[in-house]
Amino acid sequence: MAKQSILTIFLVVFTIRLLNALTIRTFFQADEYWQALEPAHYAVFNTGYLTWEWKQKIRSFLHPLIFAVAYKVCELFNLEYAWVLALPKVFSAFMVTIGEVGIYTWVDTWTGNTRLAQLTLAASLVSAFNWFAITRTFSNTFELVLTAWALNFWPIGSTISSSSGLNFKRFAFSLGLACFSCLVRPTNGVIWLVLGGRLFWVQKSKVSILLLVTLVTTACIIINASVDHWFYGELVFPLLKFLEFNVVQGLSAFYGINSWSFYVVQGVPILLLTLLPFTFHGVYILFGGLITDLTLRKKTHILVEVVCLYLLVFSLIQHKEFRFVYPLKPIFLLLTAISVTRLSKTWNPQILKTVTVAIVGLNIFLGYYFTIIHESGVIEVINVLRTAVLNEGSNYAVKPSIGFLTPCHSTPFQSHFHLDPDTAHIWFLTCEPPLVEQHEPGFVLEEYQDESDEFYADPTGFLDSNFRDISTGLAPEGKYPHDWPKYLVFFEALESTMNGYLGSEHYVPYARLFNSRFHWDERRAGDVIVYKRV
């Protein structure tokens, strides 16, 4: 393929993803901020909040390092606050572009069909879920990018036939990318278990393969350990701690238990949305014998095996989230492209055009609504509070404070506040897992409540026990002591409770920001409300 064509594709995709990243105004899940931007901000500016995962050293800094570089550029060139918000988005858009170009070249390489590669890339760009999620700073996106390029270099010919010679140089490069993807998200190993197992079974040079796998894996672990040593200041192996927490202790269930059918009934359909029927049609084409190219059929069969085992393994894990199956998206997109290729030959052109316009239009609407409108208040409130503190800070006799009476991690933190600790004191309700409590006699995980849980179980009782008496200033006796802040933030669901508790003589409404018309968590439903102390 001509270099110019790849460069053109890269520039087009980067332009689209840069627009995508810079126009996101909404919240998806907390990890976007608290497991990526926040530790990166902490590493560069020495301000921020490290969640328990970082304190317990179960997270690798490999992924946040990308955004730490962006923040370091801001620090070195003393860039304005707007750049602190924007530059990580630019880096993310660039990384995603590399990934999507990787998906394009992977399909082109594996199938030898440039048209199929173009349709796969088009499906990726049209996907509303991708517009909503792919440029966000989740480790799952980084995992997807690494997976796409590892597939690029994977010796698929040698995986399906022993007669194909194994290119050890390309294989080593693929192994390195696959290894890093597993270090970022250990569960990514399921993909390589299928592909690697097949390759090992087919090829005769098993000793050479094992030796190469050992060497590459060792090198990747050393590189990753060096990154983590730089961040933590000591030699640590987060992967082992991650497995201990999630597998040995089983504490991942603390963050929610879902039905075994979650990924089949919700996960994959949400990931694909309007593309789902075409993906299923692609599977039908594959197993219905409609693909005449035997080699292509074998390659695609292997990918379906990857999907099936991946979904099976993840369905056995109690805690589930949509983005956990994100690395499968390139495979789903390829199946979608296979379907569209077939339909373009069998459907009436006018019908195909109408369906295409309808699908693109619906995806644009969904992408716009969920990146600009739905859950926008929890992002906008940070700017409102930051502006208030900076504009009025000098008028306060004491340092201004901000308190969030919301489910934990409902908003970004210092990655968006970007305030010196001396400028304002900011606190929020925490949600620490039972790291200590689990060792106590009679401990039952399902009965454990973190600070956020205790507050929502009995809001007024929690305020009575853990806050100074709002009239007398008498110190609290609870285990989560707080002072009443200058600015108090909560969701609309708590409005009547807070009005009844505070009264108008202590706090007055300061700002009300639209956040959502519907929400899966009733505690976060409605507007974001800010009260200011009188």
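Cβ coordinates come from backbone N, Cα and C, glycine included.
Now, the feature entries from TrEMBL:
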- 81-104: transmembrane segment (TRANSMEM)
- 116-134: transmembrane segment (TRANSMEM)
- 171-195: transmembrane segment (TRANSMEM)
- 207-227: transmembrane segment (TRANSMEM)
- 270-290: transmembrane segment (TRANSMEM)
- 302-318: transmembrane segment (TRANSMEM)
- 324-344: transmembrane segment (TRANSMEM)
- 351-370: transmembrane segment (TRANSMEM)
Long-range neighbours of the transmembrane segment (171-195), counting only residues six or more past its ends (CB under 8 A): 60, 62-63, 139-140, 142-143, 146-147, 149-155, 158-159, 212-213, 216-217, 219-221, 224, 239, 242-243, 302, 305-306, 309-310, 313-314, 317, 324, 327
Two-stretch contact, the transmembrane segment (116-134) and the transmembrane segment (351-370), at least three Cβ pairs under 8 Å: yes
Positions on the same chain near the transmembrane segment (207-227), where near means CB under 8 A and six or more residues out: 60-62, 65, 166, 168, 171-172, 175-176, 179-180, 183, 196, 199-200, 235-237
Selected stretch (most C-beta pairs under 8 A with the transmembrane segment (324-344)) from 270-290, 302-318, 351-370: 270-290
